Amino acid sequence: MAAEIISGRDLAQELRQQMKQKVTELNNQGVFPKLSVILVGDNPASKSYVNGKKKACKETGILSDVIEMNHDTTEANLLQQIEKLNEDPTVHGILVQLPLPEQIREQKVIDTISYTKDVDGFHPINIGRMMTGEDAFLPCTPYGIITMLKSKDISIAGKHAVVVGRSNIVGKPVGQLLLNENATVTYCHSKTKNLAQITKQADILIAAVGKVNAIRAEHIKDGAVVVDVGINRLEDGSLTGDVDFNEAKEKASFITPVPRGVGPMTITMLLENTIKAAKGLENS
Ligand SMILES: Nc1nc(=O)c2c([nH]1)NC[C@@H]1CN(c3ccc(C(=O)N[C@@H](CCC(=O)O)C(=O)O)cc3)C=[N+]21
């Protein structure tokens, strides 16, 4: 079977077009959705991601503000900056770009962001609400993945979804969202024995490993839907995922590419969450 490629870029473009309209409507009511991004240090990858977010906001008519802080800024300093944004009524969404320098405790930072402005969906209240199925900001990458599957009318209920990876930002929450959609979910990780034996049972396979070619033909059932969440930078500067694309596309029914797959959808869901924040978490 030759897989259909799900273009995250095309879907992102379509959704951003619709969002423009929503932003205009809010503007007409005197609401100007705004995202504040805090960037600590000068990691080039982080800078480039933050630029991508800024550009996407601009395209959609969302206001954005990037606050750059020195690499050796203290945790107290950063928390103070977050408190300021929590109290600023013109700021609807707050995103602190991860990873952070080692003197700063990431969890402490996430806990400090008001859950009503937590457009990353990383705050414990939003995670808890996601688990119980209440209204919440959903984490952008998992939310983007579900949106991609739905855009192709891929049914999730009753399907066996296998998630490879268990990070707090991708693996764990994407499994939860798939469960909320009534999939049967299995998590695999670095301690999993016989990885291929398990992934071969997947109707929907989510690769969020962080390793080039971690998923190859031998891991994939014929006709499976393969979602590649990896973003690995090769020495020549090019980006590649966790899936051996050339092998996988011969077995899968649908596959997401890297680049132009999950990445652009992550940013799109961030925009969606910022609009939701501008409406107010409880009224959207
Ligand atoms: N608080 C926080 N929230 C995040 O959402 C967050 C973060 N920290 N830290 C880093 C990761 C990574 N991430 C990406 C988003 C979009 C692309 C993306 O658009 N990628 C393009 C290619 C971009 C390129 O060429 O560099 C693509 O896949 O086509 C990639 C990576 C968000 N992250």
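Note that Cβ sites are derived from N, Cα and C of the backbone, with glycine treated the same way.
Automated prediction, rather than curation, is the source of TrEMBL annotations.
The annotation domain 'Tetrahydrofolate dehydrogenase/cyclohydrolase catalytic' is assigned in TrEMBL to 6-120. Taken together, the residues of the domain 'Tetrahydrofolate dehydrogenase/cyclohydrolase catalytic' (6-120) have an average pLDDT of 97.
Annotation comment: TrEMBL describes 139-279 as domain 'Tetrahydrofolate dehydrogenase/cyclohydrolase NAD(P)-binding'.
Listed in sequence order, LEU239, GLY241, VAL258, GLY263 are the same-chain residues six or more apart from ILE231 (NADP(+) binding site) with CB atoms under 8 A from its CB. The NADP(+) binding site feature in TrEMBL is assigned to GLY165, ARG166, SER167, ILE231.
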Sequence-ordered binding-site residues from GLY165, ARG166, SER167, ILE231 with Cβ under 6 Å of an atom of ligand 1: ILE231
